[in-house]
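Sharing a structure, written as structure tokens. Questions coming.
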Amino acid sequence: MDALLDHCGPTGAACLLFLYLHAFEAAAACLFPEGAEYTIVSDESLLLNDFPDGTTVILECANGYERESGSGSISCVDGMWTETDLQCKKIDCGPPRAQPHMSFDLSGGTLFTSLVRVICDEGYQISGSSFKKCYSTGWVGRAKCELIRCKKPPEVANSKNSWMSEGQPVYNDTIEYRCDQGFTLQGPDHITCSQYGQYDSQPPECSSVTTVEILTSQIITTTATSTSTTATPTTTQTRGASSSTDATAPRAETAPTSAVLHSEPEELSEAVDTNKNKKTGKTTLSSILVGGVGLAGSIVCFAMWSHKRKKGSYDTREDLKTELLQFHNTYSRFPASLSSANATAPI
């Protein structure tokens, strides 16, 4: 204190008063104001070097926020800043600007820092960013929807396709293939450009007809060889009779024939079985007739023997030998004639 008084000299009291007031003002000044989460000090207030008591400062909304209510001014009172009445809210970017063949998924909202997903119509694909983000200046993220294109259709050997354009096929374009003459198509006859920029299937192949496995019904070829049948003349003489019988079967010739049967072996078998049945029927009829004649002769002989036995005498019946001999010759000739008839009958 004595040093201050010596420094101030005769006006020491006045000097002390000045120093006291200056120290009081320094004690009453405020520190640099700090904004809240969504407020900042205005650019004008940033130019101030100190904030003595009574100083007024303006606060503003931070980046990405906008004023909702309040003035935003605060004052330094007794070294403390007053409470601010400024209310800020997030900026709303609103829906993104519409573009051709494009839509957006807005489920995440449109406020500051929100993300929206870009969606292209069917047949189109995204070029650029698939998301847009809301900033203080608006939506950021470039994207557009381009028509889906496939590579030019692949060439297939021994074929032609329907694509005549110099450009590339686009979504849903269909290319058809046709094989050259002498070749057959293996696989689908067309391919289509899909929504993924690829064809929906592999192109077909054209194979030579001679190499293709062809399933056909079995062809059976039957060749009938020529057949000749000649019946030799047969002469039958009857003892005691002046007549003779000559039975000569005509010469029967069958020309060579060939028949092509398409999977009909059963019909051929039925025809052969029918001919066999005819021959069997004729043989059976001959056997029945011969058996009947033999049975009749046995009955006649038995009747004559019984009659002779009843009379009680032995009669040689020499007078009947001639008749019995004729009957026996007739019986012997009958089977031969019947066999000759069977041999000459056409089969």
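Sequential numbering from 1, following the chain as shown.
Yeah, the Cβs are placed from backbone N, Cα and C, and that goes for glycine too.
Any TrEMBL annotation is an automated prediction that lacks curation.
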Per TrEMBL, which of Cys93, Cys120, Cys193, Cys206 is disulfide-bonded to Cys150?
Cys193
Can you look up which of Cys76, Cys88 is joined to Cys61 by a disulfide in TrEMBL?
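Disulfide mapping in TrEMBL sends Cys61 to Cys88.
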Which one of 285-305, 327-347 shows up in TrEMBL as transmembrane segment?
285-305
Can you check which residue among the disulfide-bonded residues Cys88, Cys206 has the largest number of Cβ atoms within 10 Å of its own?
Cys88
Measure from the CA atom of Cys193 (disulfide bond) to the CA atom of Cys61 (disulfide bond) and give the result in Å, rounded to a whole number.
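About 53 Å separates the two Cα atoms.
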